[in-house]
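Peer 1: Shown below is the structure under consideration.
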């Protein structure tokens, strides 16, 4: 409807359109500005950034920060760890979510209501941080990759989204027909359901993978050895060190470290967010679709 | 459920005399579905219901050597200690106020954004606005707080602007007075686009004839938004509001933790960060488990109240 509204718009409507377009432009600027600033600062001379000379475009263009990062072992280790955690973690997530979502989507499963209750109840209460931490500790997963993967193996929200997709997008008649032809449930899942569910699986891979890539809190409490730190923890050290040092008055030994982290701060932000942001335009459509499927709610 | 009934009767003719045996047959025929569920359901029991069992340490003096069962009971001692502590009111106020302000200020923003996007005539422009506002959603909390730190630092662009206007710069990140404002506004910046998706979808589902009819009746654009668009998405708004309140006491915990420092502790100290620093870092497990339980109970109570209220007043509720 909006198109024809513009065409035969009375003056009042035109004024309204102007306001709408202006507002939209303001929002775009507000959202993009912080990101542009970080990009510009990452290519600028650190001294000029510290002096507050950079506000939109880079000043004293240099690639020094990026070459510093190339030689920073900590960042590379973090990158490698995060990559491993993301790949292994996402695979586990997808497998577990599939195995739960498919049977629960079957209308002919006796006890489905009870099982769904067990699953959905967990969205509304939890034992809390301390009991969960003690559980992971007792299972001997502290300071291993598994502490980052197993406790979060299924996101209940994603499970419900996937289940809704199975229920609404795969015709039940098709499954019945396969059954009559003597197809077992496992084969049904692998050779009929899976190929038909590529879009939703893509969405889930993206949801989970971004989650793993960006998560830091689990690593903060469970990972002790520095060589197992994911990227976000390394990042936190680099980004927060100057802040906390500034707040505590700072001491001489830290000075060099602060200067170094000050100079690579911006570049590190870029480098760590790049994979997700590069992927973003490619998959943006799917993300949106995932949210929509979730909102239909079965 | 209806479909299921039809299917099962088609597959196995009902024998009314033996409903029990019929059920067993149904289950046996689908044993492989239960096999699929075995690992996930076990996982749910261990990782979601296990901690609930472990929650009993809130009423005990947990001793790692003795284990959860072996530790001695102390009743409500930990709760009493928390209620009597000097920081109790500070923690409660910060937790409630941050979330209440978020709800009041941040919750309506995605709705307004969706209404705005819906009013944009040019498809390309509205797509641009959507895609731009989605970007921050994919940035990690660590990076968000990093960006905040550099933007608001004494030599950052915000303070440069303040100085250019002839005012004195502020150390925003180390200021208790600014903490909540920064926290909430950056949350809006990060999430408004993403959260607007559901509203946009709901808006696109509104029957165009309603708009036409309103136009015929001489309703202005504003009136059409007010009388057609908004009522069309009220059920979605209610559901999301309830879901948000279901997370009331936990919102933004990671970000608060990252933004916290000694200088802004006065307004950044919330129950969940206190549980982390005192429980995980200092090892006072029983005490902080009790505090966590107190937190969840408030949360659950709120959720139940709001859901009931919504069901009574608007027919829309979670259950």
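Cβ coordinates come from backbone N, Cα and C, glycine included.
Small disclaimer: the values here were computed from a predicted structure and weren't measured.
The transmembrane segment annotation in TrEMBL covers A:20-43, A:83-102, A:114-134, A:186-210, A:264-283. Look at TrEMBL and you will find A:79-283 tagged as domain 'ABC transmembrane type-1'.
Where in this structure would I find these features, and how exposed are they?
Peer 2: Taking Cβ pairs closer than 8 Å, the transmembrane segment (A:83-102) reaches residues 119, 145, 148-150, 152-155, 158-159, 162-163, 166, 189, 193-194, 201, 204-205, 208-209, 212-213, 230 in its own chain, all 6 or more past its ends.
Using a Cβ-Cβ cut-off under 8 Å and counting only residues 6 or more beyond its ends in the same chain, the transmembrane segment (A:114-134) has close neighbours at 100, 104, 151, 156-157, 159-160, 221.
For the transmembrane segment (A:186-210), the list of distant contacts is 86, 89-90, 93-94, 97-98, 102, 155, 158, 161-162, 165-166, 169-170, 174-175, 178-179, 276, 279, 283, 286-287, 289-290, 293: same-chain residues at least six beyond its ends, Cβ to Cβ under 8 Å.
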Peer 1: In the same chain, who gets a Cβ under 8 Å from the transmembrane segment (A:20-43) while lying at least 6 residues past its ends?
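Peer 2: Non-local partners: 49, 54-58, 61-63, 65-66, 265-267, 269-270.
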